[in-house]
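Student: For 4-270, the entry in Swiss-Prot reads domain 'ABC transporter 1', with the evidence type sequence analysis. Per Swiss-Prot, the feature ATP binding site maps to 37-44, 364-371. The domain 'ABC transporter 2' annotation in Swiss-Prot covers 332-552, and the record cites sequence analysis as its basis.
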Amino acid sequence: MSHVQLDAIGYHLPDGRALLHDVSLRVGEGSKTALIGPNGTGKTTLLRIIAGDADPHDGAVTRGGQLGVMRQFIGSVRDDSTVRDLLLSVAPDRIRRAAEHLDRAELALMECDSEQDQIKYAQALADWADVGGYEFETQCDVHTTAALGIPYELARFRGVNTLSGGQQKRLVLESLLGGPHQVLLLDEPDNYLDVPAKRWLEERLVESPKTILFVSHDRELINRAAGQIATLEPTRAGSTLWVHPGSFTTYHQARADRNAKLAELRRRWDEQRAALRDLVLMYRQKAAYNSDMASRLQAAETRLRRFDEAGPPEAVPLRQNVRMRLAGGRTAKRAVIADNLELTGLTRPFDTELWYGDRVAVLGGNGTGKSHFLRLLACGGTDPELDQLPVGDMIPEPVNHDGRLRLGARVRPGWFAQTHHHAGLMDRTLLDILHHGDERRAGHGREQASRILDRYGLAPSAEQTFSSLSGGQQGRFQILLLELMGSTLLLLDEPTDNLDLHSAEALEDALAAFDGTVIAVTHDRWFARTFTRFLIFGEDGKVRESVEPQWV
C-alpha cells in the first residue's frame, strides 16, 4: 500500500539549532497533502528526509510504494544537461542504472569496437529492454510532445537550459504524474507555471490515484487539489507540524481555533504549576518549625516533580508577525493616462485611464508586455515630472514605445521588480541599504533600521547582503523599501511569487489600507481576487479591460 509515515521526526542544523521537532504525519494511499509553512521552517528539509537524501536525528520514516521526487531546483536548471538527462533523473532507479550502463557500453564501443565491447554493448541493450527501457522511451515521447510540442527523438539531446522554467516544470510533472511511481514528493511544482498550466496541474493532482505530498504557496492550488493541509509552524524547540483535515477555505478559522485552544491549555497548565509550587513553598515553611509537616512536604514535592516530568502541553506556535505599513498619499484624481500607447513589438495601441485609489490587476500570458507596461510606469511614463523620475537603487531600463503614458500630479511610482535584480542592492547588507538613504527615502540609524527590519521578519538577516537572501526575503525587503519611499503609486510585478502564505496575506492587508493606486502584474489567482479592475494583455497584442479576472 502506497503511503508516507513520519513518526516524531527531529532534525538539527549544523550549528546545533533545532529545525524540526517531534514532526509526525501520515499521507495515506491516494491522498493529496499540501505542506505549507513560513520560509525557513524546514519544508524542503522534510521532503529530503522523506526522500532519503537526509537522515533525521530523531524519529523514523516509513514509505510504501515506489517514490518519485521533484526537487526545488527544477525550473532553474542552467547546466549543460539534456532533456534525456532530466527525464532519467526522475525515472525509476532500475531505468536510470540501465541507462548509465548502456551509455558507458556505447561510449566504449565507439572508442574501441573490440569483440568484448560489442558483447558488453549487446548485453547492455538486453538489460535496457529487460527493465522496460524501450517502454520508458515511448512514454518520454508522450511527455515531450505534451510539454514541449515535439517528439522525444527531436527533444532528447536538447539542452535543458534552452527550456523556460515552465517547460522544465511541465516536462518533469508529465513524467512523474504519468510514470510508474506510486508516491510523489513535489517541491513547489507550480513555480514558473502560468495559470493554464496551474489549472492543468490541479486537474492532474485531483484525478491521480497516486499518493502525493507537495509544497506550495499557491492558495488556489492548495484549495483545489489538497485533501489535507500539513503546516510546519515555528516554536522555540523547532518547527512542529499540525494537520488540517480540510480545504484552504476553512484553514484559517481552524488554525485560529487550534491556537486559542493551545493557549488556553498552556494558561491552565501554568496556573496548576503555580498552585503546586505555592503548596510546596507553604509546606517547606511549615516543616521548618513543625516536623509533622515533613510528610506533606514530601508528597507536595512529589506531585510537583511528576507534574513537571509530564511536561507542558503542546507549545503555541510563534507568531509570524510581519507588519507592512504602506502609507501612500492623496494624488490627482486621474493617476495614470495612456493615450494611444503602444509597447513596441508587444502591444497594439490602447487607451486607458486609472484613477486615484484604483486596484488594477494586469493579467495575460508570458511575453505580452505586462512587465514592460509596469517598467514604463516606473520610469515615470513618457514625460515624467522631476519628482516622478526613478531614483536610488531601483532604476528600471527604458521601454521602447509610441504614444503617451502620463502620471497625474503627486503620483510618485514605487516599483517592485519581478526578478528582484537591482545592481545597486546586490552586494550590500540590509542595514547598509537602510542606513544610506536616497532622494526618496531618508537614512536610518542602526536601532531604527533594526526595528523596521523586525516588522518584516528580517532582523536576523540584517547583516546579510541582499543577494544572499532567499526569494521570499528579497520580496519582503523590496516591499519595505516601497514603504520608506512614500510612493503613491505601487507597481508590483509578481509580488507574491516567492512570499510564503503569511507574508502574502500581510501584503494584502497592507494594500487594503494603502492610500493610493495599486497596479500589479500577477498569476496568483487568489491574490487577483482582491483587485477591482483588470487589464488583460492578449496574445494578439490587444489590451482590454475586464470586470473580472480572465486567464489565457
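Residue numbering: from 1, along the chain as shown.
Even glycines carry a Cβ here, placed using N, Cα and C.
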Student: Let's check the environment of N366 (ATP binding site): how many other CB atoms sit within 10 Å of its CB?
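Tutor: That number is 14.
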Student: Can you name the residues of this chain that are 6 or more positions from K370 (ATP binding site) yet have a C-beta less than 8 Å from its C-beta?
Tutor: V362, L363, G364, D493, V521, F537
Student: To see if you understand the setup: which same-chain residues, six or more apart in sequence, place their Cβ under 8 Å from that of T368 (ATP binding site)?
Tutor: L346, T347, F537, G538, E539, G541
Student: With a 10 Å radius around each C-beta, find which of these binding-site residues (N39, T41) has the fewest other C-beta atoms nearby.
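Tutor: Ranked by other Cβ atoms within 10 Å, the binding-site residues N39, T41 bottom out at N39.
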Student: Pop the mean pLDDT for the domain 'ABC transporter 1' (4-270) in here, whole number is fine.
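Tutor: Mean pLDDT, the domain 'ABC transporter 1' (4-270): 92.
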Student: Using DSSP, would you call G364 (ATP binding site) helix, strand or coil?
Tutor: strand
Student: For N39 (ATP binding site), what is the secondary structure state per DSSP, taken as helix, strand or coil?
Tutor: coil
Student: Under 8 Å between C-beta atoms and at least six apart in sequence, can you list the same-chain neighbours of K43 (ATP binding site), or say none if there are none?
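Tutor: Residues satisfying the criterion: L35, I36, G37, D187, V215, L232.
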